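> The structure's right below; bear with me while I get my questions together.
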Amino acid sequence: MKGVKKEGWISYKVDGLFSFLWQKRYLVLNDSYLAFYKSDKCNEEPVLSVPLTSITNVSRIQLKQNCFEILRATDQKENISPINSYFYESNSKRSIFISTRTERDLHGWLDAIFAKCPLLSGVSSPTNFTHKVHVGFDPKVGNFVGVPDSWAKLLQTSEITYDDWNRNSKAVIKALQFYEDYNGLDTMQFNDHLNTSLDLKPLKSPTRYIINKRTNSIKRSVSRTLRKGKTDSILPVYQSELKPFPRPSDDDYKFTNIEDNKVREEGRVHVSKESTADSQTKQLGKKEQKVIQSHLRRHDNNSTFRPHRLAPSAPATKNHDSKTKWHKEDLLELKNNDDSNEIIMKMKTVAIDVNPRPYFQLVEKAGQGASGAVYLSKRIKLPQENDPRFLKSHCHRVVGERVAIKQIRLSEQPKKQLIMNELLVMNDSRQENIVNFLEAYIIDDEELWVIMEYMEGGCLTDILDAVARSNTGEHSSPLNENQMAYIVKETCQGLKFLHNKKIIHRDIKSDNILLNSQGLVKITDFGFCVELTEKRSKRATMVGTPYWMAPEIVNQKGYDEKVDVWSLGIMLIEMIEGEPPYLNEDPLKALYLIANNGSPKLRHPESVSKQTKQFLDACLQVNVESRASVRKLLTFEFLSMACSPEQLKVSLKWH
């Protein structure tokens, strides 16, 4: 068939009255459509044809083995069967669930769909765009005018209003530039940045207008119990409640069978944050929907806001207050640094080039991410002790110990440099508040196994998920201030170690703080970390998780290790209120608020002590020079309130 990009047999089902039925179909991806046929002849009308322009999200789920979900927008013009039309509203979102035969097929379909869908693959910046543009809001059409097409698409699906524009139009522009660059870097073809002279004029309030927003039923779509599993980095993430499917057996190694009934009962884990359980959310009141919506934001694992992990390399900026742009030479450097053979050779300075399967028994699958799967495992044999890479780590290893293993298919990773970066940093970072890297193995230059200490307490997010709610719908934290102070103090100790080595973590949040059964607190996930040098004492790369980002990153200014201090302050708010500021906003609106509002405020400041508020104030200074360093934070009275590890163990029982 002409224009076919990928085709093959799959099983699928759609949400609706007969959503329990899985049907075998021949799936064809071309330049414009995703078509489902009854046979591989494809000589008849497809059973279902989905325009690629309507696909808003694709994410892996565990509804079935080797399964992923496609979220698509629908309208009145779409051909929907009468029996299902009752369940769908105009401009709503619908899900299609697709199961493939093998893991490789699944990754192949995900890659192909991401590459062809315009709403997923990012939009490159306009080039040679130098004329003066009059940007504003037209009350007649209820939309923004005079903006580039890529920005118009973003604004149409965001909650940014004409009031936001009037209040701070420059912050809106900054949010748009950041969002587009953040999502579009991997598809940039060395284009120059948008070079626009914007005429920013205040807008008159229209008597009547309509802003195109996402509907509440789209955003508030999944229950808290399904919010599990972020494994974008090579570090392990633990899921204390779910036990997902095991990896299929292969010829030379047999994995332990794992019961999957619980997964089938509880449903999806890696779900699209805008799709799941629409029929359930329609039954919820506004208060309950608001609760669900706020937690869709926290684990935005496969959303359009974070489709790829960006490289840690960044151009230096001479002027701290000037806007930093991507330059061709920086992108060329990034491209050259991602040479697969060179990266694998560097990995082998840390990783052992042998098959590790005889050394471990994989007990159960603990998580699944874009880069690979995490398994809870048991060490059954020690590798050869004369290997210098094994001896270098100085970690005590014993047969029978439990470890976490991240398996990564290197051939399927678009940015191997990020994995190498994380591997090298972990190998060189031995400190009691940083998760221990034990060893790593490379199998035939194709697969990387990273062996880490097992933190059975899970991540801090698991504890925060155990919150109780008052009648007003507000969060009440399961942690008291003494426990919060202990977690923050231990995190500060880990950050002090990193900052002394001129390393910025750049992604501090509750998901990346792990605990063990003894109440010890450790930092994980070094995929975004970067090293400061004399040549580059400031960085400008747009990385991290947006809701925890410092304003200087959103404003695309140079930054240093104090971005970790800001994120630490946001994490403390997260512990107090159960979520970071603006989590109930769509990503673009959240970026605008970070750029516009400055230091976020507690919803109920009277609920915490003066010491806590003083600590937060020191962390959340917009002026970087006024923001405290980690070394300074360790002297604050708030941290003297810290409890003992034993007193934190009580909260670990919540999950």
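We count from 1, first residue shown onward.
Note: Cβ is positioned from N, Cα and C throughout, glycine not excepted.
Okay, these came from Swiss-Prot:
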| type | residues | note |
| --- | --- | --- |
| DOMAIN | 3-118 | domain 'PH' |
| DOMAIN | 123-136 | domain 'CRIB' |
| COMPBIAS | 265-276 | compositional bias 'Basic and acidic residues' |
| REGION | 265-327 | region 'Disordered' |
| COMPBIAS | 318-327 | compositional bias 'Basic and acidic residues' |
| DOMAIN | 360-639 | domain 'Protein kinase' |
| BINDING | ALA366, GLY367, GLN368, GLY369, ALA370, SER371, GLY372, ALA373, VAL374, LYS406 | ATP binding site |
| ACT_SITE | ASP507 | active site, proton acceptor |
> What number of additional C-beta atoms lies within 10 angstroms of the C-beta atom of VAL374 (ATP binding site)?
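Its Cβ has 26 other Cβ atoms within 10 Å.
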> For the residue listed as 'active site, proton acceptor', which of the three DSSP-derived states applies: helix, strand, or coil?
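DSSP assigns the residue listed as 'active site, proton acceptor' to coil.
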> Which residue counts does DSSP yield for the domain 'PH' (3-118) in the helix, strand and coil classes, in that order?
22 helix, 46 strand, 48 coil
> Around the C-beta of ASP507 (active site, proton acceptor), how many further C-beta atoms are within 10 angstroms, looking at every protein chain?
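Here the count is 25.
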> For GLN368 (ATP binding site), what is the tally of other C-beta atoms lying within 10 angstroms of its C-beta?
23
> Using a 10 Å radius around its CB, how many other CB atoms surround GLY372 (ATP binding site)?
24
